[in-house]
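Student: Quick one: the structure is below, questions incoming.
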Amino acid sequence: MSRERQAVERARKAFLTGRSKPLDYRIGQLKSLQRFVVERQKDISDALKKDLNKSKLGTPLYETLGLEGEILLAVNKLAEWAAPRPVEKNLLTLSDQVFIQPEPLGVVLIIGAWNYPWAVTIQPLIGAIAAGNAAVVKPSEVSAHTSKVMEELLPLYLDKEMYPVVTGGVPETQELLKQRFDHIFYTGNSTVGKLVMEAASRHLTPVTLELGGKSPCYIDKDCDITIACRRITWGKYTNCGQTCIAPDYILSPTVLRDVKPDAKVMQEEIFGPLLPIITVSGVDDAIRFINEREKPLALYVFSQDNKTSSGGVLANDCLVHFSVSALPFGGVGNSGMGSYHGKFGFDQLSHLRGCLIKKLGMEGVNQMRYPPHTAKKLDWARFFILKQVDVARVGRMAMLALLAVIAAVVLQVRIKKNNRALHANCVQ
Ligand SMILES: NC(=O)c1ccc[n+]([C@@H]2O[C@H](COP(=O)([O-])OP(=O)(O)OC[C@H]3O[C@@H](n4cnc5c(N)ncnc54)[C@H](O)[C@@H]3O)[C@@H](O)[C@H]2O)c1
Ligand SMILES: CCCCCCC=O
C-alpha cells in the first residue's frame, strides 16, 4: 500500500472515531496550531528564506500573522458557527423545528502552492479543523524546506493521525488524487486545477479551486495618481510579482508601455515583476476589455467615481482584501470556484445539513397529501404551499393581540374595582 494511501486511511480511521466532532477537540487543535505558529516562527522563517528568500520580518507580515488572526477568530466564533441556524418558517412548517446544522464532511485533501506556502496551505487547514474534519495536508514540493518543516513539526502539535502531512511532487499528488476524499481544496494554477477536478469527479468529490489569472487594474484619470502608483507597485512587486491577486496589467496612465491586447504577455497570467499598461478611452472601454477575457481573481479600480465599485472588487488599493476575514476569498470561472477565510472557510468545509423535525401529532393537516386526491385537498395544498405568510410577523401580531387582550382585561378589572370603591364611598 502506498504511503499516500496509508495516510488517507489513517485519517479516515481517525475521523470515524468521532473525536474531531466535539467543539472542545477542535478548539484544542486550533490552539495547538496557534502555538506551533508562534513557537516555531524561526523554523518557519528560516525555511522561507531558503525556499523563496523571504525576509525575517516579511514572514509574519505576509504569511503567519494572517494565520494567527484566522485561528483566533475561529476559536472565538466556533460555537456560533457550529450552532444550529434557524430558518424562516412557512404555513406548512409552523409547528416544526426547521434549521440548518453544519456537519463535518469527513476527510479533506488540502493541496497547497509554493508562493505563499504557509498562508495558502495552513489557512484551509484552519477551516477544516474548525469544521470538524480530518485533513491530509500536501504542501508544494517547490517550497521544499517549508514542506519539510510542515512534515516534521506539525505532528508535534496536531493530532497526527487526523491531520497527516504528505510531502512529495507530482507523482505523490497524483497518488493522493486517486484516493477517495470528502472534499479537495486545491490552490495553484488553472491547468492543474482542471486535473484535480477531473480526478475528483471519479468519486464525485466536491472541490474548492483557488486558482490564479490576470487580475486587471483600472486607473481612472481623476484619481490621486501618486497614491495609486504607490499602492499598485506595492501590490505588483510584493513577493516579486508572484501573488495570485497581484495586479496583472494596468488599464489608463501609461513599465511595458502601450501593450497590444494580443501580445503574449496579455494571454497568460504573468506571475512575475512585469506590468503591462494598456491605454483605454474610459471606464466603459475598460469594462469591455476585461469582460472579453477569462474571469479574473481580483479586479482593482482606482477612481473617485464610486459607480465603478461593486462586490468582489477592491477599490483604491491592492491585495489587502485577502486579509479581511469577513469577506469570502475565491475565484470565479477560470480563477476558481468556492471560497474561504473566516466563516466562509468553515462553511466551505462543512455539510450544511437541512433539518426538519416534525412531531407525530397534527395528522389532520396531512390529509391533503394522502390519497384519494380530491379537488378540495388540492385547494388546501395550493393554499398552504402558495400562501406567502410572514410567519414571524404573524407571530409578532399575535403577541401584540394577546398583550392588548391582557391590557383590556386588567383595565376592566381596575375600572370595576374603582367603580366598587366609588359606590362604597357614595353609600357611606
Ligand atoms: N487563489 C489563490 O489563493 C492562489 C494562491 C496562490 C497561488 N495561486 C495560483 O497558483 C499558481 C502558482 O502556483 P503553482 O501552480 O505554480 O504551484 P505548485 O507548482 O506549487 O503546484 C501546486 C500544487 O499542485 C501540485 N501539482 C503540480 N502539478 C501537478 C500535476 N500535474 N498533477 C497533480 N498535482 C500537481 C503540486 O504538487 C503542488 O502541491 C498561480 O497561477 C497563482 O495565481 C492561487
Ligand atoms: C498579502 C498576502 C496575499 C497572499 C495571497 C495568496 C496568493 O498568492
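Using the three backbone atoms N, Cα and C, a Cβ is placed for every residue, glycine included.
When I checked TrEMBL for this same protein, it listed these features:
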DOMAIN    5-248  domain 'Aldehyde dehydrogenase'
ACT_SITE  E210  active site
ACT_SITE  C244  active site
TRANSMEM  394-413  transmembrane segment
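Relative to the rest of the structure, where do these features sit?
Tutor: Taken residue by residue with DSSP, E210 (active site) is part of a strand. Taking a C-beta cut-off of under 8 angstroms and a sequence separation of 6 or more, E210 (active site) has the following same-chain neighbours: V120, F185, Y186, T187, G188, C244, F329, G330, G331, G336, G338, Y340.
The number of other CB atoms found within 10 A of the CB of C244 (active site), across every protein chain shown, is 27.
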